[in-house]
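Following: one structure in structure tokens, then a few remarks.
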Amino acid sequence: MATCSTGCAPAVRLCQRLNRLKTLDGDMMATSLKRCLSTLDLTLMGVGGMVGSGLYVLTGTVAKDTAGPAVIISFVFAGIASLLAAFCYAEFGARIPKTGSAYMFTYVSVGEVWAFLIGWNVILENMIGGAAVARAWSGYLDSIFNHAIQNFTETHIMQWNVPFLAHYPDLLAAGILVFASVFISFGVQVSSYLNHIFSTISMGVIAFILVFGFVLADPANWSQEQGGFAPYGMSGILAGSATCFYAFVGFDVIASSSEEAKNPQKAVPIATAISLGLAATAYILVSCVLTLIVPWRTLDPNSALADAFFRRGYSWAGIVVAVGSICAMNTVLLCNLFSLPRIVYAMAEDGLFFSIFARVNPVTKVPVNAILVFGILMACMALIFDLEALVQFLSIGTLLAYTFVAASVIVLRFQPEKNNSKDTTTTSPNVNAEPKQYESFSDKLQLVERQKTRERRGVGHLKAYWEPYLDRLLGDCEPGEVVAFCVMTLIVSSVSLCAVLEFGNEQLQFPVWCFTMLLVIFTLAYVLSLALIWIHEPQRNNQTFQVPLVPLTPGASILFNVFLMMKLSLLTWIRFTVWIAIGLLVYFGYGIWHSKEGLRELQPKDMAARYVVLPSGSLVETVQSVQPDDDGTGCC
């Protein structure tokens, strides 16, 4: 047994290093960045991140190929599903106002290696997303000038025919990315000012589309002669919802900006709710207008809105729509370039990524190195790569981040607060204070009954009502231990349930009895996990926003995100696996050795002896620091 224990010790230590959590400082508002963003600034950032080229392209594509005029209902469903994820981001952004978004949230609740992989995927997601938007911006502008830019580049500069590369170098897309990166490096206020301008113009164009569109609306385009309101039925509506869900992925820029918000506890939840509401309203109303102006079968997926006005005889309105589309794409581009360097900065600040990216310019108070380096890398991708084959890769990183953030909300909600106080002597006459660990034998003799009654109703323990029934089974578990296990079971059962639904009948060809039995088993495991989490005491914090109906809300978000990930192609999962492998090389080659949490563990810690005395019937606790002896033994 001793040999086995000795042999397993390195593996145990490695697991502890991989799953160590980030220690947060007492002052959450302390930062080397500049806190200058208001609620309005965050709201416009969220709107800019969500209402982009998708409004002008996605609505027509889903309406024509997937849902028909019922794309309106698809956007309603997608908005509700996005709201579940947005609630989770809003709670973390208000509770932990630090940059890094999903990476930071995972680090403080799940573990270091998982946080690194989430951050690693979000980096690639933002790089591909920014490069794709830049190419779309370039292509849209080029189409206005009858592809003069493309023809000039192919004729006078160069072109090539290489797989996965573009047919010609898109100098315009690369140029706009470099130009925008330089502007953003001037400071967060400059970025916010540019976003205000483009978002205001974009919303003005949307208002024009709605007013003029409803004037031209013809209800006959929803009639049975044109195929009806829902020609593809409920299956088409649900398939459309899965596609429309990606129209709302930009709201995480708000959480990424929380470290630069003046009052993140209030601003982040309010901005998230308002921006998501405005974006959903815009998508729903524009879809309604679009399918009422012209028959949905005749829509042009590439430029649905502009083409619809053109075919109704108002070609000048197409110019207005083109201006709005370019401004909308500018806002998405700014949001990508804004959030990406801050995630890189957060990882570098924690020691998990190269330290050069943790440097903040003393004048502009922004991570200039991260902005310029990753802006140039994004420009190179837009210059040479054909990004159409890579765009689907964006979704898997987003959905994975949403899943981990939802799981983190549940874990932290049922986890007792850690006492990081550095005081060595405290006096507490109040017996109802937070439960502490009493180390001396006299403590346990005098306080055992009082502590037993109080701790079991603390955060992470069974609720008082369920103690008589489940105390024998779960009463000996550490606070939050059962919840953490149930969250893991929740994710596994969600993956299994969605896999059976997606592949059980066709690819795996299960018999009906086997298919039904597996559905029942995994559904029961999912529901039982939620129930076991619910019977534990959660944290009750009235100072910051909290997700309602926990664990139901984040549990539903996990299930929906996993279901959408199952819809992705095999090639996407292969690319995802390769990118994860590269990330693990970076982590084990650099991050695990330079992690600040790892360095903190190596620092010598004081040992404390605690005694409880009862002078005059009152409880007084005295904590005395005891330094360890040179031989490695301490006294208690």
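Note that Cβ sites are derived from N, Cα and C of the backbone, with glycine treated the same way.
TrEMBL labels come from automatic prediction, so no person has curated them.
Marked as transmembrane segment by TrEMBL: 102-123 (among others).
The transmembrane segment annotation in TrEMBL covers 171-190 (among others).
Annotated transmembrane segment per TrEMBL: 197-217 (among others), in sequence order.
According to TrEMBL, the feature transmembrane segment maps to 229-255 (among others).
Under the heading transmembrane segment, TrEMBL lists 267-294 (among others). For the transmembrane segment (267-294), the residues of the chain that approach it from at least six positions outside its boundaries are 37-39, 42-47, 49-51, 54-55, 59-60, 63, 68-69, 71-72, 75-76, 79, 82-83, 86, 89-91, 93-94, 97, 206, 209-210, 213-214, 216-219, 221-222, 244, 247-248, 251, 254-255, 258, 261, 304-305, 308-309, 311-312, 545, judged by C-beta separation under 8 angstroms.
For the transmembrane segment (314-338), the residues of the chain that approach it from at least six positions outside its boundaries are 45, 47-49, 51-53, 55-56, 126, 129-130, 133-134, 136-137, 140-141, 144, 176-177, 180-181, 184, 191, 194-195, 198-199, 201-202, 204-206, 208-209, 212, 216, 250, 253, 256-257, 305-307, 371, 375, 378, judged by C-beta separation under 8 angstroms. Annotation source TrEMBL lists transmembrane segment at 314-338 (among others).
Under the heading transmembrane segment, TrEMBL lists 366-385 (among others).
The annotation transmembrane segment is assigned in TrEMBL to 391-412 (among others).
Away from its own ends, the transmembrane segment (482-504) comes close to residues 403, 407, 410-411, 414-415, 460, 474, 510, 515, 518-519, 522-523, 525-526, 529-530, 532-533, 536, 551, 555, 558-559, 562-563, 565-567 of its chain (Cβ-Cβ under 8 Å, at least six residues beyond either end). Look at TrEMBL and you will find 482-504 (among others) tagged as transmembrane segment.
Sequence annotations record features per position, and here TrEMBL assigns transmembrane segment to 510-535 (among others).
The domain 'Cationic amino acid transporter C-terminal' feature in TrEMBL is assigned to 545-595.
Taken from TrEMBL, the feature transmembrane segment covers 547-566 (among others).
Look at TrEMBL and you will find 572-593 (among others) tagged as transmembrane segment.
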TODO: Using DSSP, tally how many residues of the domain 'Cationic amino acid transporter C-terminal' (545-595) sit in helix, strand and coil.
DONE: 40 helix, 0 strand, 11 coil
- [ ] Quick one: find which recorded stretch in 197-217, 229-255, 366-385, 547-566 has the most Cβ pairs under 8 Å with the transmembrane segment (171-190).
- [x] 366-385
Task: Listed stretch, out of 102-123, 197-217, 229-255, 547-566, that has the most CB pairs under 8 angstroms to the transmembrane segment (572-593) - done: 102-123
TODO: Establish whether the number of Cβ pairs under 8 Å between the transmembrane segment (391-412) and the transmembrane segment (197-217) reaches at least three, counting only pairs separated by 6 or more residues.
DONE: no
Task: Spatial neighbours of the transmembrane segment (197-217) far in sequence, C-beta under 8 Å, 6+ residues away - done: 44, 47-48, 51, 55, 282, 285-286, 289-290, 292-293, 305, 309, 312, 314, 317, 320-321, 323-324, 327-328, 330-331, 334
